[in-house]
């Protein structure tokens, strides 16, 4: 049988010249090499590793595309039917296999993002081919070479001139903010000079995701309505109501945001949900669940509502007896992955609203031109902003909503994302909020079970973000309005993370702009802004897409988030020193540790319950210093057992050595001989990588360690010493006096309103009190983009 097939192939190839067969062989070989180059770009790793090697992977991808182009060009120019079609089919099969080999959406398997990057590179190539073909047709039509080349040259000059002027204008606008103010490039300790042109500023809106269809949510024919907790249904058949469990009752362990995690979440909530059927024409149904669905056959209506809690109101009434002035509110809107420049490029409505507020005389808007992110991604920047520290578990800083809630304020955390922030980034259960709303946004229309974080589905997609015919952010704003109404007589702390900026094109944030602007305008019209401090910020700029991956300017802008503080004018008239400091800080070097300490400063004021001094004493509740020898003895013993082993890639050997020196100091202080433990890893001890060995993910302690709490301690110890290095190490002897001194400094910081510089709070100061010059080390900013400064 095999011999017959071989003879058939020989008979098919025999009529073709040797030259044709040679070209075919070369084309297929080039395509195989092209596939190999693409496979190299699929290598997984940690965020820092992938970011540091983005240029390396980009070269491999461009090489892959170039080889494919050469292969196709050779087939087109050198071969003829039918061998041409055979080669095209073979290349098509190879391309399909290569591009679909990995469609993962996590750090280890990120093929969807590679596929999108590949697609974006192909767009200008295809456009160039179209232009070339068009020019050939025009030349043929004109039938005069001289006229054609003159016309082509003139067109080329006009296009180049237009693009150049547009880029210069985009760069000119890049410096500007609100009220005609602009970034002053030269500043003591931090010159901030853009290294290139912000080319996204010349592109029309939706240029990079035009192919995704409408940005409007699909229309849904609703059969029910909800008003003030009362549900009315108009269904031709029996209706099914599914009440979903609340955040606290279904939260039993750390929620892992992977496809597997979604399956665990779905299985658990199904067992806890409340299902019941009602007549299809039901009216006046009182629903007490905050999150529920109504089904009429295959149709669904989805609802999120705020239900006031009796125990919260009782607490507020009791605590407010200690307050002497009317309460104020703090609203923090945190837009993930949006730079300051991106706000001015894509959020014109918001910019206009802020300009209007600044002109009313009733509010004042402060903008911070020189805010630089404290780390690469959400983890490091939100920990700095929310807790003032990079430590986790019981070593972490206290989230700002937690200490403000304890002062007669009601606290809401509503995250437009199926994520438990405290579990993911602090490695402990969520606390400090009266209402924590995340899990309604685990709805599978928005958060698909499979490929949860893809380019074309999920909270990081380049598509619109909708649930049941309504933008996710509109669900959030409507919930906040209900929350405000239900607790209108009390001080409110509202934290709103928005995810629409977290995608590779920079276009989805356009869907948020009108509704966020209307939300703020409604706050103004209703008088809510009269007693509210509004903060609009982001963790960092975009670290996805071609702008970041392919240009130095994109990487520069990724370090420059946005930060606006909006105050009532009467408040600043009462505290004029705040206005003076805030204005000075608009051009000074700022980081999100400062944002946290500004929140702390607000917490000390009577308008936010600062009279309740007992709340400040809770600072030490459940807190363990990362270097407390007695309390961390087990973790130190485990770490000591792996001395010389590789914990994770890219750790500084110097900092690791410092950790083991401190562990030795603790053992000496306690006069302790470390114990040895067994079964600490999921692979044999001798298979765990040594510090000097090549990197294999599963053989590092990051993945091999069974006791993750011990691993978290070591990582926190590393974080602490790497940050201390910026300020200069404090002398450590392991005795109780060292830790008591840290506690005394932390308690005193409620008066100084700046980080003590040791213990868990190393960086940050209130923007309403301090405005003296600092460098990036002093501000806790790593990978500083100030052109005149290099981190230690």
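Each Cβ is built from the backbone N, Cα and C atoms, and glycine gets one as well.
Features as listed in TrEMBL:
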TRANSMEM  21-42  transmembrane segment
TRANSMEM  54-76  transmembrane segment
TRANSMEM  83-101  transmembrane segment
TRANSMEM  113-132  transmembrane segment
TRANSMEM  152-175  transmembrane segment
The transmembrane segment (152-175): which same-chain residues, six or more beyond its ends, come within Cβ distance under 8 Å?
135, 182-183, 185, 194, 197-199, 201-202, 341, 344
If I count Cβ-Cβ pairs under 8 A between the transmembrane segment (83-101) and each of 21-42, 54-76, 113-132, which range comes out on top?
21-42
Could you pull out which residues elsewhere in the chain have a CB under 8 Å from any CB of the transmembrane segment (21-42), counting only those six or more residues past its ends?
13, 57, 60-61, 63-65, 67-68, 70-71, 74-75, 78-79, 83, 86-87, 90-91, 94-95, 97-99, 101-102, 109-111, 114, 118
